[in-house]
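Database features, via Swiss-Prot:
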ACT_SITE  Glu128  active site, proton donor/acceptor
BINDING   Cys87  substrate binding site
BINDING   His105, His107, His184  Zn(2+) binding site
Amino acid sequence: MTDTESLVVSSDPKHPANLIVELCKLFYDNNWVTGTGGGISIREGDTVWLAPSGVQKERMQPTDMFVMDLKSRDYLRRSPTFKPSACTPLFLSAYTLRDAGACIHTHSQAAVMCTLLYDKVFKISNIEQIKAIPQVVESGYLSFFDTLEIPIIENTAHEEDLTDTLQAAIKEYPTCTAVLVRRHGIYVWGETVWKAKVYNEAIDYLLELAVKMIQMGIDPEGGIGSEKQGKFFRGLQG
């Protein structure tokens with residue numbers, strides 16, 4: 001085995017290349033990364049593993065991975081089959097600006113729908129699942145009564161062209177752990193790959209819930225009891 005192959009071939013199920021394969025299959029089953037869309041990257045120190053472009057996520061193999069040095073931005077290992085992901089500069093933005101250990105990009109339908117329903121920022125409050133989201137600037141997690149805010153940036157024709165606006169959103173919203181891209185999807189990051197996974201799952205739950213609340217005429221940011229003003233509740237009262 002060559003030195004470069006040893007970067008992606010391992011019997012350890014916790015090896016980044018193996019984890020990316022496992023998680024991409026899981027995200028495919030959740031309908032988040034269909035049609036070769038989306039991606040994931042994991043960082044350990046200055047070494048970054050990246051899912052490639054154009055791969056069917058449920059069929060990905062560890063040997064399909066790219067490996068990069070974070071400081072030099074040089075590839076330590078290239079996929080023999082696929083091209084580098086256009087998401088790469090956005091993943092690197094989460095590493096350099098937030099010291100993240102992993103970054104996930106999905107084309108979640110709930111994420112896309114929320115970008116059509118909200119203007120500049122997605123907001124939701126008074127929902128239990130919010131407690132899974134970190135405060136980022138301060139230690140700990142958001143509380144039930146806190147408001148989760150996720151900035152929304154405009155899509156571009158080419159993924160890499162999102163880099164500047166994504167970086168600007170990260171800087172403008174220092175407490176965010178995700179950025180939505182209008183009519184496109186979402187980027188979510190975390191201190192470790194498992195935390196990024198949890199944040200992504202919790203956020204997607206909240207995005208889907210917000211869409212359903214709006215359909216029922218309920219304000220996702222409304223206070224407790226505001227649901228009684230929704231059209232569905234009023235219809236039940238006859």
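Any Cβ shown, glycine's included, is placed from N, Cα and C.
Where Swiss-Prot records a feature, it is marked here on the structure.
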residue: Cys87; record: substrate binding site; DSSP (3 states): coil
residue: His105; record: Zn(2+) binding site; DSSP (3 states): strand
residue: Glu128; record: active site, proton donor/acceptor; DSSP (3 states): helix
residue: His184; record: Zn(2+) binding site; DSSP (3 states): coil
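Long-range Cβ proximity for Cys87 (substrate binding site), meaning a same-chain Cβ under 8 A and a gap of 6 or more residues, is found for Gly39, Ser41, Leu50, His105, Glu159.
Other Cβ atoms within 10 Å of the Cβ of His184 (Zn(2+) binding site) number 19 in total over all chains. His107 (Zn(2+) binding site) sits 24 Å from the residue listed as 'active site, proton donor/acceptor', counting Cα to Cα.
Spacing of His184 (Zn(2+) binding site) relative to the residue listed as 'active site, proton donor/acceptor' is 27 Å (Cα to Cα, whole number). For the binding-site residues His105, His107, the largest tally of other C-beta atoms within 10 A is found at His105. Highlighted in sequence order, Gly37, Gly38, Thr106, Ser108, Ala111, Val112, Val181, Gly185, Ile186, Tyr187 have their Cβ within 8 Å of the centre of the Cβ atoms of His105, His107, His184, the residues recorded for Zn(2+), and are not part of that set.
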